[in-house]
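Asker: Pulled these from TrEMBL:
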ACT_SITE  HIS24  active site
ACT_SITE  ASN99  active site
BINDING   TYR324  heme binding site
DOMAIN    1-379  domain 'Catalase core'
Amino acid sequence: MQDTQLIETLAHFARERIPERHVHPPLPPGHAYGEFTCTHDCSDITSASFLGQVGKTTPLLLRISTVGPEAGSADTTRDVHGWAMKLYTDEGNLDWVFNNTPVFFIRDPLKFPSLNRSHKRHPQTHLPDPNMFWEYVEPSLLAFHVGNPEGFHQLLHLFSDRGTPASLRHMNAYSGHTYKFTLKVTKVTSQDGSFKYVKYHIKTTQGIKNLTKEESVRVAGENPDFLIQDLFEAIDRKDYPEWTVYVQVMTPEQAETYRWNIFDMTKVWPHSDFPLRQIGTMKLNRNPRNYFTDIEQAAFSPSNMVPGTAPSADPVLQARMFSYPDAARYRLGTNYQQLPTNAAKAPVYCPYQRDGHMNFSDNYGADPNYVGSSLQPITYYPDLHGQGPQAVSTVTEHEKWVGQVSNFQYGLYDDDFEQAAGLWKVIGKEAGHQERFFGNVAVHLSQVRSSKLREAVYALFGRVDQGLGEGVKQATEGLVRST
Ligand code: NDP
């Protein structure tokens, strides 16, 4: 017991693991540093500094992960891929916490824990369970996915070729949510304090490449870390992957009369209505120095925003703005924002957040720890607090929305299948893609024991497109009969 080095080392070893992320767990993500470059003048839509000048570059950290499988699982498993990116702008950190699909399974955030449980392990068998994936009954909630068919648009993305990317370098990312770009009102600029709704699109310069289900299963067996290794080695050999960043832009007036609810993240804004407008490019050019400090301790949240950007009233986005920092406080502790990987590169002055476990900042020294002191803080959000010498108004005045804040409806409507039908046609333009889709669903759905439940799934695919429902049924029942 007097060998204190031994005791300390053993004690430290027992404490080396921190809680795993509940969704988007630690392995297998791909991750890298890089930079964003503003390529187009955006001054008519946002006063965000990182978009304030053509050619301006902003350092970034990106972490790409699967969602459902836990640490150490094969990274070519069919799953939505999360795209968590931190832009270390000169006005503070902006996080883009996106996916590689433009829509999501749900539009009511109350369903989020159930959705994820239904994609994870069964409470008794501790196995991933297709029965549960398609239908999962919790005492107080609805069933999945048959019970929540607003997610069928997203299921079309998941079971399309894009559900198994061949490389993280050959994958797109989308905000899914509607965000806002805002213009700051100051005495010295002509910007008018108005806002626009935007959706982000990040499109690979390398082109989309996917694995077939046979390839993804083989690669999973041969090298479960295939995607992370591919990205690391590409950057190591200086083959830096690049993407082009676009936004779709909509005015509040257009939003009020648009046929789709723009706060419903099971829907896209069709390109034909709102074309992509380029804002920048991004490149990954540096591997992390240490996985734990740079990536495992990284905490991303859609609530990390900079002036010129703002959230919309999308209920799922609003819920994520609570849930992500809350998860980070649980996983990393109260002062997680001080960790080097999370700390803003720009000066941040917030002396009302003091003390707490593992505080390793200077804790604002002797500065007052209450609001309204005579000490003039750095005006980090002048337009929000109205404290800056140039601020004459608040952004919020310009964000009035006519209507009532309410939960999303549980109802399902015919037009919930319309965009999924659009995607089915897009998929049909690629040779053999629809047939591969049938096979991708069949291998999963054929494991569902109840024929009644399988019939319910065929009926819902049939609501998207009759041929789709029939094709899924034929492929699935063929597999059921052969097993
Ligand atoms: P468009 O023809 O304008 O857009 C179709 C888009 O679908 C393409 O731009 C492409 O997105 C994406 N796409 C192409 N092939 C596939 C595929 N195999 N799997 C998944 N996505 C693919 O039509 P609409 O804008 O009217 O959209 C129709 C459907 O396309 C929607 O239901 C939606 O699911 C899907 N889509 C639409 C997007 C949008 O913003 N409008 C974005 C992504 C998908 P990309 O160019 O980004 O690769």
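The backbone N, Cα and C atoms fix where each Cβ goes, and this holds for glycine too.
Note: TrEMBL annotation is automatic and uncurated.
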Asker: Would you say which of the recorded positions ASN99, TYR324 has the most Cβ atoms within 10 Å of its own Cβ?
Answerer: ASN99
Asker: DSSP three-state call for the residue listed as 'heme binding site': helix, strand or coil?
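Answerer: Once the DSSP labels are grouped into three classes, the residue listed as 'heme binding site' ends up as helix.
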Asker: Using Cα coordinates, what distance in whole Å links TYR324 (heme binding site) and ASN99 (active site)?
Answerer: 15
